[in-house]
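Please see the structure below; I have some questions.
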Amino acid sequence: MSITMLVYPVFCVLVLGALILQFTASKTQQQIASGNNPHFKKFQYSFFLVYFMALFSDWLQGPYVYKLYSHYGYASNQIALLYVVGFASSVVFGTTTGPIADRFGRKKMALAFCLIYSFCCLTKLSSSFFWLFLGRVFGGISTSMLFSTFESWYVYEHTETHDFPSEWISVTLSKATFWNGLLAINAGIFANVVAETLHFGPVAPFMFAIPFLLLSGIIIAKTWPENYGNTANNLRHSCMEGLRTIIFKEEILYLGIVQSLFEANMYIFVFQWTPILDEHNDTPLGMVFASFMVCIMVGSSLYAILLHKKVSEAKLLTLAVIMAMVSMAICVLTSGNSSLKSITYAAFLLLEVSVGMYFPSIGYLRSQVIPEELRAGIMNWFRVPMNILTCSGLLLLHNQTMISNTESMFAICTIMLAVALVSSMRFSKLFSVVSVAADVLAHSDEKRPLNIDTGKTA
């Protein structure tokens with residue numbers, strides 16, 4: 001069966017499965033307990049309202065970046081350079097956005113994100129390579145802000161300001177992953193309508209993203225309280241302190257390795273699936289993309305269900321890495337054979353399910369092991385090797401210097417995920433020891449007599 005005939009029934013089955021799994025996940029103990037707390041629901045809504053608009057504006061642009069550059073007449077090698085500039089910018093400048101957010105305030109940095117990303121969208125109005133290049137530079141910085149500052153703000157407010165149970169962080173991150181998939185599908189449809197159906201052209205999605213970013217900024221300014229990480233150290237010291245913490249704290253180091261390798265694999269996959277599945281320009285790419293997003297929703301619901309079954313977050317992270325590794329290993333064997341394209345498509349779907357399980361797992365584990373005062377900075381350090389690996393993979397694929405075909409790239413991805421698997425298993429052991437020690441300490445504190453003079457345990 002061809003991919004064209006396969007995609008539509010697969011999409012319908014996936015949607016039905018996602019709805020059933022989400023309904024099951026909503027009945028788990030943590031979901032019910034958090035859902036019955038009106039203060040938590042109000043706080044969660046204040047975060048989702050802003051975060052989802054930021055994500056929606058990001059998803060609006062994704063499908064039309066390449067097409068816009070091509071529309072302006074740039075060759076594929078020039079477009080590849082612009083893509084690499086975005087990742088390189090995140091490496092060079094992104095590491096400073098975390099310490100700046102920790103020191104000067106995560107709310108201020110979230111507001112800066114809204115303004116900077118709006119500027120990036122405006123640069124797309126020009127066909128000048130200079131402005132497009134500049135837009136990619138600031139786009140890399142904005143991406144670093146989006147995937148560190150918002151989560152850092154949320155974790156601080158959740159644990160420090162409101163003192164909600166830390167287990168409820170998983171509830172929020174699982175919901176965020178589920179709705180992120182739905183946002184991506186709707187953003188893709190909306191971008192297609194304004195660009196193609198209404199004939200506004202490929203620049204239209206970028207312009208329509210700006211109102212969402214500005215509205216997000218207004219809501220942040222009016223409703224979010226400010227919170228900070230380490231305000232005592234200067235910028236350089238904060239950057240280096242974050243790096244030292246990663247190097248000398250094993251559990252943080254291994255978690256960072258997992259994140260860097262898994263997400264590098266994810267971004268490399270983004271640039272490979274289209275030419276593999278659309279070899280003859282007859283594949284409904286929009287429906288393929290939609291099926292990928294539904295798989296992410298399936299993965300996030302599976303995460304909530306398995307968590308309810310007492311499977312730990314660390315084990316769920318390991319499971320996500322295993323699923324991704326199996327997916328890439330299958331692609332090594334099938335991606336070069338057109339007659340096996342349906343199996344390759346199934347492997348891609350498995351990868352996206354693993355992504356849906358990965359994000360809430362890694363988000364919760366980061367909230368538990370990264371020190372609050374260095375949270376945003378360390379999260380951005382995690383993205384440095386990921387961006388370097390992604391840039392290297394794209395350049396090697398484009399120039400065909402060392403990697404001449406997609407099978408070789410998938411083989412490299414499989415090896416990266418094997419290293420991520422070993423690191424995840426090592427992290428799981430370290431994290432279980434740390435968790436047991438924390439439980440013992442908490443239990444012993446409960447047993448100690450209270451000192452009446454100080455109000456503290458003896």
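Here the Cβ of each residue, glycine as well, is placed from N, Cα and C on the backbone.
What TrEMBL lists as transmembrane segment is 6-25, 45-66, 78-98, 110-131, 201-221, 252-273, 285-304, 316-336, 342-365, 409-427.
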Given pairs 6 or more apart, does the transmembrane segment (6-25) have at least three Cβ pairs under 8 Å with the transmembrane segment (342-365)?
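Contact between the transmembrane segment (6-25) and the transmembrane segment (342-365): present.
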State the residues, same chain only, that lie 6 or more residues beyond the ends of the transmembrane segment (342-365) and have a CB under 8 A from a CB inside it; answer 'none' if no residue qualifies.
1-3, 6-7, 10, 14, 151, 169-170, 173-174, 176-178, 180-181, 255, 258-259, 262, 266, 269, 273, 276-277, 288, 291-293, 295-304, 313-314, 316-317, 319-321, 323-324, 326-328, 330-331, 334-335, 427, 431
For the transmembrane segment (316-336), what are the same-chain contacts with Cβ under 8 Å, counting residues 6+ beyond its ends?
258, 262, 265-266, 276, 299, 303, 306-307, 343-344, 346-348, 350-351, 353-355, 357-358, 361-362, 365, 405-407, 410-411, 413-414, 417-418, 420-421, 424-425, 427-428
Sort out the residues at least 6 away from either end of the transmembrane segment (110-131), same chain, that have Cβ-Cβ distances under 8 Å to it, and list them.
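Long-range Cβ neighbours of the transmembrane segment (110-131): 50, 54, 57-58, 61, 68, 72-74, 78, 138-139, 141-142, 145-146, 149-150, 153, 203, 206-207, 209-210, 213-214, 216-217, 220-221, 224.
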Should anything in the same chain at least six residues away from the transmembrane segment (45-66) have a Cβ under 8 Å from its Cβ atoms, list it; otherwise answer none.
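Apart from its flanks, the transmembrane segment (45-66) reaches 79, 83, 110, 113-114, 117, 121, 143, 146, 150, 153-154, 157, 172, 175-176, 179-180, 183-184, 186-188, 190-192, 195, 202-203, 205-206, 208-210, 212-213, 215-216, 219-220, 223-224, 289.
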Quickly jot the same-chain residues contacting the transmembrane segment (252-273) by Cβ under 8 Å, restricted to those at least six beyond its ends, or write none.
83, 87, 245-246, 288, 317, 320-321, 324, 328, 348, 351, 355, 358, 362, 365-366, 369-370, 378, 381-386, 389-390, 393-394, 397, 406, 409-410, 413, 416-417, 419-420, 423-424, 426-427, 430
